[in-house]
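Q: I have a structure here, written as structure tokens, and I will follow up with some questions on it.
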Amino acid sequence: MVLRHRLGPRPFLQFAILLIAAVVLFAAGATVLSNMARLGLTPGFGFLGQPASFEIGESPIAYRAGHLYARALLAGLVNTILVSAFGCVLATVFGTFIGLARLSRNLLLSGLAQGFVEIARNTPLLLQLFFWTAAAHALPTARHALQPLSGVFLSNRGVYLPWVALEGPSGAAFAACVTAAIVLPLLSLFTERRGVLLGLAGASGMAACGLLVFGAPGIGLDLPRLRGFNIAGGVSVSPEFAALLAGLTVHASAQVAEIVRAGVQSIPAGQWEASEALGMSRGATLRLVVLPQALRVIVPLLTSTYLDLVKNSSLAVAIGFPDFVSVANTAANQSGHAIEALTLVIAAYLTLNLSFSFAMNRYDASLARRGYARP
């Protein structure tokens, strides 16, 4: 009876369906292998050790034509991870502000936030990417680049930002402090010893700021500057990267805004009234009372938004950004191993999404352990 309860009311039907699915998959695999053999193709991932003959326009890791296919795919995967990570962070920040703006008592602010959400949610993401790509390429040339902030240049060659130049032991210490200041707060989300980790993160951040402000040897601020017809110094990102990041951020931030708004509105009105009776301001009530409880509603929905953003990053191939899908397509066309390349794409996105889901589920579980109940 226990086994029947676990398997469901029709266990034999379930086994039959699984058996049929296994037979279909086996037949499909056999057909693919026979067709590849007829075309003279040897299945396998050995092509990853062969040199690739194509360039990649943008990558944070060193790559050029002649490197292995494995390195080319790694460069594309790093591009996908970077744009996904930055997109999740920016969408969370912007979406939270927009969601709170929708709840504002200021009708103008609330109306503008609602208009943004309606436009971003009800237009196709691909159309938004085309818009941002056209806007990026419509920027002035490098010689007449826009400079909205000191050390920041916007041109049709890309976005130029200040960067920290690191050399020697001081540079290594600065990099370690910055890494600790970023990683430790993230780890604090999944443990009970939040105070210790946050204290260490704060100390690491202060140490990094001290090294930068007091000009330790080997650490300097590299500012972009106009030089002739180009911009030198700092760090730059291509127009395609900027357009992809802007499109993903705007589209996802609208989803985040609605999630935050729904989470805040799920808290009973009595919480607001009790806080006002204690003399707390609206901002303090939101920060100390409402948002901690609303997180139990926000986090599961936010997980779905993050997963959608990671998968939507594959649309980069439409605007010419060399993400993992784009590089895998090129590798498949040149090597003839389309099945293997598609398998790698599926495995990569599955791994990324499962990692995001695992981290967010752990965070949700940590909220439950801290006593935050769902409204």
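Cβ coordinates come from backbone N, Cα and C, glycine included.
Heads up, TrEMBL stuff is auto-annotated, nobody curated it.
Taken from TrEMBL, the feature domain 'ABC transmembrane type-1' covers 77-356. As annotated by TrEMBL, transmembrane segment applies to 12-33, 73-101, 122-140, 160-184, 196-219, 341-360.
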Q: Might you confirm whether the transmembrane segment (341-360) is in contact with the transmembrane segment (73-101), defined here as three or more C-beta pairs under 8 A between residues 6 or more apart in sequence?
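A: In contact, yes.
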Q: Can you work out which residues elsewhere in the same chain, 6+ from the ends of the transmembrane segment (160-184), have a Cβ less than 8 Å from its Cβ atoms?
A: 145, 151-154, 197-198, 200-202, 204-205, 207-208, 211-212, 216-224, 231, 233-237
Q: Do any residues, 6 or more residues outside the transmembrane segment (122-140), come within under 8 Å Cβ-to-Cβ of it, and if so which ones?
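A: For the transmembrane segment (122-140), the list is 146, 154-156, 239-240, 242-244, 246-248, 250-251, 312, 315, 318-319.
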Q: Near the transmembrane segment (341-360), which same-chain residues lie under 8 Å Cβ to Cβ, leaving out any that are not at least 6 residues past its ends?
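A: Contacts of the transmembrane segment (341-360) (Cβ under 8 Å, skipping residues fewer than 6 from its ends): 45, 73, 77, 80-81, 84, 190, 299-300, 302-303, 306-307, 310-311, 314, 324-325, 328-329, 331-332, 335.
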